[in-house]
Amino acid sequence: RMFHDDELEESEKFYVGQPRVLLLIYALYNTLVARSEMVCYFVIILNHMISASMITLVLPILIFLWAMLSVPRPSKRFWMTAIVYTEVAIVIKYFFQFGFFPWNKHVDYTKDKPYHPPNIIGIEKKEGYVHYDLVQLLALFFHRSILKCHGLWDEDEKGDSSSNKEDTDDELSLTGGRRDSSASLKSVNLAASVESIHVHFPEQQTAIRRKSSSSTSQVSHRSSFSSHRSKRDINHTTLSLYSLQCKLCAVSSHCGLCCFRTLQVYVPIRQFFYNLIHPDYSAVTDVYVLMFLADTVDFIIIVFGFWAFGKHSAAADITSSLSEDQVPEAFLVMVLIQFGTMVVDRALYLKKTVMGKVIFQVILVFGIHFWMFFILPGVTERKFSQNTVAQLWYFVKCVYFGLSAYQIRCGYPTRVLGNFLTKSYNYVNLFLFQGFRLVPFLTELRAVMDWVWTDTTLSLSSWICVEDIYAHIFILKCWRESEKRYPQPRGQKKKKVVKYGMGGMIIVLLICIVWFPLLFMSLIKSVAGITNKPLDVSITITLGGYQPIFTMSAQQNQLKSLDPNEFNEFLRSYRGNTAALQFLEGYAREDITRADLEGNSNSLWTISPPSRKKMIQGLRDFDADFTVVLSWTIQSCLTQLLHGHGLRHCAHLAPVLFHSWCEAWGRGKEVLSVCQTHLSPGLRTLEEVYPYYIKAPSDSLAKPIKQLLRDCKWENITVSLVKNGSEEGAREWWVLNQLGKRQTKPQESLELFIFSDKVSPPSLGFLAGYGIMGLYASVVLVIGKFVREFFSGISHSIMFEELPNVDRILKLCTDIFLVRETGELELEEDLYAKLIFLYRSPETMIKWTREK
């Protein structure tokens, strides 16, 4: 070895011999030191996310519009500004913590108000008001110490002193008609002294800084003509500003002094952005993919947390909202804004305009911060620091801002060739690219946007044709490369791993698709179903379409679930009844509800005398049928109202004395049985008129359960008419009582058992609502159509699919992209015509795709 030091070698051996945990700590510390400026940015952004005030808003904006845009690194002035600003903010927050300020006397009442002035400014009284500011100050001092250790802290001052000396020489050369080439004006940044409007940086130092920031990137130099022209423009501006400075210094008016101070601030800022847009050396890079991924993550956050950007609703769910055909306004606005920014970003990337990207960055930084911290709290009616979803969205957006600043600082690439997923030919890129093409309208939208914002002579149809050929050839290239990596010897049968792996997976997939509706509908309620408890049970009895004689409902305490002992006794009562036990297999104890209804009607019988007389005449007519309707209504929390009713035809029915009765069931469609009942005056018994057991499904009418009835006969009830008061002003109501109740009670009452079917969860209700036949029609048949096209359309594409070697075709496609980027549009037309001819000529295609 050329250099050898025993101490260094011993130190290296000692370091290697340390435990791995300690080595990991060393590596993490070295990473922290190497990226200490990123640590400062992260702490500043985190402090703003937690505090969300005007005091902490300044530094994040300066990060994205000053620090991250500085070449090659933020200047000393920025770090001193951040340190001093943080110290001042700590002092201001400490000063306003005293209790004698009026707004500190009602802290508990105003702490959650987003538009309370102290909360907006950041001077409210709270616990731990300065913790994150101290951590931020500690990170800034840590970065300052690292810069001092590496001699980078005072680098700007040395540059300023040398530039001031060259300024003097430049001014002398201008007055004498001569100018030294090493003293020409190249750039003015925000680290320049505000004591002079025009400050010159040497050309050599600027070039070194640009080159040092592009050690790992491609370096491209501007043309000499544009460089000399920019020099002349800047020097002309410098002379004008210098003469303006002399004139303003001679003017003692207050207006002239204000204009001079304004120029002292405006000119360095303008020159900073000018040098950013027109650099001498550009270390081009391409981070559009990372920016697109950040925007995609923000898009996903909006979709699954859209309620955080509108009125606060903890139970909000995008699937339930869309299933009800309701589009939330906050979701629509945020999706359109996010999608619009992605489209604009794509346009700027294709046009490669740094100036547009700078303008878009400034507008987006100010717009996002203004909306997130001043408008959103008023919309959501809560502070930004209490909105976790909005904080996550803002943090990802900050990552996007950082990537955008890096893209601006380095410049756009001169060539944009193909999709970023087509850079390698392996299984990962293959499946990702095919997944990208499966997203609805994404491929088409990208192709049209690329055609709009790219200089080309091809028509839209020709452009899409080239893109489709390139995508097809890329997929074939991936398959050919996989065949080379995993060759199949000639004459050897396929391995069982391949056959059972790929073939078995396809078999299982096809079987699952065929039987998906049946499995889904059977498992969604039995496994993931939710018990649908009734909230209200009502019964109404009507005679022949006249005024109802009895109405009663049960709610809350009158609706009871069976305890374990009652449920077991209920099951034992049907021992030996196969039909009943088979029905009860589908219900658990929590699915059965017993409704206890009062026997006395909750409404008076207010029939008019003419209708009463007509009803009596109808009952005395033994030849005519008289209908009695018993209806029930069950209301549940997760389903709509469930109705049901039963019909009875009567031969003769007096107001109080019931002499005969004929019954029919089936909603008036057919007569099931006929019975004669001879009753004594007073209390009358109606046989087989009460259902007793009701099934309450989730999507149809509530129906009686015949399997649980004794001999399939309904229960008997007694009816009586009660009068209260004189004959003329008597108040009448009907009283009913059920015979053979399971729970014996001394007073008149009715008992009804409701068997509630389980319902699907609300998040899957939109899919379960189609039913089995709907799922078969909308899912299975559609998927089956695509599968059938895949299996039956292979023979028509053999000449385009079975290509042994696609390297030449792939190179022809990339050549089209290359000449398009270089502006050779005539050559682009020629290569496109060659590609079309190749696909029109099978003989030429065979020659082009032979193995070399």
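Every residue gets a Cβ built from N, Cα and C, even glycine.
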Annotated stretch (transmembrane segment, per TrEMBL) among the listed ranges 254-270, 424-440, 628-644: 424-440
Stretch among 39-66, 358-380, 460-479 sharing the most Cβ pairs under 8 Å with the transmembrane segment (424-440): 460-479
Within-chain partners of the transmembrane segment (358-380) [C-beta distance under 8 Å, separation at least 6 from its ends]: 52, 57, 60-61, 64-65, 114-115, 120, 273, 276-277, 308-312, 330, 341, 344-345, 348, 387, 390, 394, 397, 401, 404-405, 408
Non-local residues, at least 6 beyond the ends, that sit with Cβ under 8 Å of the transmembrane segment (330-349): 288, 291-292, 295, 298-299, 302-303, 306-307, 309-311, 318, 321, 356-357, 360, 364, 379, 412, 416, 446, 449, 452-453
DSSP-derived helix, strand and coil totals, residue by residue, for the domain 'Piezo transmembrane helical unit' (34-154): 82 helix, 0 strand, 39 coil
For the transmembrane segment (392-412), sequence-distant contacts whose Cβ falls under 8 Å of one of its Cβ atoms, 6 or more beyond its ends: 41, 45, 49, 60, 64, 68-71, 213-214, 217, 276, 279, 282-288, 290-291, 294-295, 297-298, 301-302, 305, 308, 349, 352-354, 357-358, 361, 364-365, 368, 372
For the transmembrane segment (39-66): best-contacting stretch of 14-32, 78-96, 500-524, by Cβ pairs under 8 Å: 78-96
Outside the transmembrane segment (14-32), six or more residues from its ends: residues with CB under 8 Å to it: 39
